Each structure stands twice: as structure tokens, then as C-alpha cells.
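Student: One structure follows; several queries about it will come next.
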Amino acid sequence: MQPEISVIMPLYNKEKTVRRAIDSILAQSFKDFELVIVNDESTDSSREIAAEYSDDRIRIIDRENGGSGAARNTGIENANADLLAFLDADDQWLPFYLENACNEIKRANVGIVGTTYYEFPKGIDVADNLGKSALREGIGRISSRDSTLIAFERLQFFHVGNSLVRTDLARSVRGFDNKKRNGVDTVFFYKLLANAEYSIITPSAVIHHRDASGLSNKVPVQLPTIFLDPSCILNFCPKELRGKMEEVISYVSLMEARRRARRGMKADAEFLYQSFPRMKEFPKLYSKLQREMAFSFYFKYWTAFKRLIGPPVRRFCRERCGGSKFHKLEDVLREAGAGE
């Protein structure tokens, strides 16, 4: 019998966290799903840990190493359900995630449902910021009438882990980029959102774990796909949205160029500066980029210092100075009735 949801999990060397991720899926209040684990040629014990589960809803597919995008595409190709959910092997869901998302996609009749989420170890609940930015609960669609910032914030909200997607929609945009490149999930969701309505729901039901060491906050050496080949998004945009999407990509490239200039990666900043001339449409930020490129060598030391002292200072301000609430992981799990 066909399940209602196919959950796709790419797996590559996540022996320390994969059990937590699988347990969070099996603990869902919604039970009508299959879990498709795509082992991307792991070299640790990840695959063996996944194979310990005897639940007949779990399938493991082995493939040659091709990166997370190719692994997710293998999952999409082998999915039996009309709805797709994605969870990385180092993240987890709270028990009500699938039930809430499935109910909403039926009620709203949209192509994609995004659920607000927590980020740890930062202790952030994205739901706390709804209404303070362009993000709002409810149904929406990316429009050519949106400001650049509004379109950007809405596009950036959706990612693997917090999104339930119609299978036919995912296949219509040809899934993820199959190449081993950074940012393939961003490209996937930009393509989806250019072609479908979405809905954003609360409460937060996804826990996105970032490396507590801070390594995950480092700028990747390789530029993400969106900058190397923007046509992989633009070719899937309706005509009326191409201009807006080009504008958003130019804005994102400007922010990425600034980030790299501040970390001493001047060559990358110059590449983006030359490749995306429309970033000049944001004159204040563009002027800041020019200064940061000029002093890139010195900025990297200042940025390293801020990264060292920034997290504890921000946490202190949030806890003591009336900032957004700091959420503790154990409290979130206990309130949701989930184990660690």
C-alpha cells in the first residue's frame, strides 16, 4: 500500500547522530510514511547503525558517493508517496512535525509547507521572529511585486528538514543539483518557490543542529552553486519572475562577497563583484563591499575576534537585556515529549 509521505535521508559518515535522527522520525505521531535512507558510500558505521532498525517502513539504498544532492535525487526517484519530506542525519524532528505539515498541505492546497524551527546551540526559535520580518504564518507566493528583501527572506526560510513538498513538484524542477557543489539545497528550494504557493506554519517542530565547535559557521572554500551557475535557477523561473529572481541572486551575491571580503577571501569577493553587476542596485551595501575589499587583509582578524567573543556576548544580551528568548535543547525536547 502506498504511504502518504516519503521521508528521504541522505547518509554519509554520521555515525554519531544518525540514530537520533532516525528515532525522531519513528517517534512521529503521523505513522503513514516510508523512510528512504540513501547511503552515500559511508566509510564509518553509519550504514550499520541504520540497518539495525527492523521497522518495515525503512528502506536503505546504497549508491556510489556523489554528494547530498545526488543522494536526495536517488531518494526522490525511489519515493512511493505523493509527498516528500527531507531530514539530514544530524538533525531531528519533534513528534508532531509530520502530522502538522501534512494537515496543512491538505488544508491549504499548496506545493510546499515550511515549519518554523530551532537552531542549536544558538538556542534560537525562528517562530519568535515571525512578524518582525517579512516572514508571516499562512499562505504566500513569491511575486515580482515583492521587495528584494521580502523575497529573499521568504526564499531563505525553506530548507531540507523543515519543508514538506509535493513529489510531482520536486520532480518537475528536476530535483537537486547532482554535482558535488555547495548550496544545492538552496537552488532546489528557489526553483520550487518560483513555481508554487507555500504555507508557513508554527509551532516549531524541527531542530537544526549546528556544529557546537563553530566549524559549520565557517565560509565554505568553494562558492555555492547559486553563484557559479545562476542559470540552474533562472531556467526554471516563469518569465514574470526572472527579473525578481535575478535581483535576489544579485543581492545574495553582494552579501556573500561582503562575507568573504571580511574573512580575507578577496579573490572570491572580486569574482562575485565582477560576475553580478546588478549588485550596484544596492548602493549602501555596495559601498560597504568596496571598503571591505580594500581592507580585506585586516578585516579577517577583526572578524575572527568577533566570532570568538560574539556568541557569548549575544547570548548574554538576549538573556539579560530583553532580547529574544534563549531556548535550551533539553527544555524543548521535554515540552514536546521527545527524548534526546
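Cβ from N, Cα, C; glycine included.
Automated prediction, rather than curation, is the source of TrEMBL annotations.
TrEMBL lists 6-123 with the feature domain 'Glycosyltransferase 2-like'.
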Student: What is the three-state DSSP composition of the domain 'Glycosyltransferase 2-like' (6-123), stated as helix, strand and coil residue counts?
Tutor: 37 helix, 33 strand, 48 coil
Student: Mean pLDDT, the domain 'Glycosyltransferase 2-like' (6-123)?
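Tutor: Taking every residue of the domain 'Glycosyltransferase 2-like' (6-123) together, the mean pLDDT is 97.
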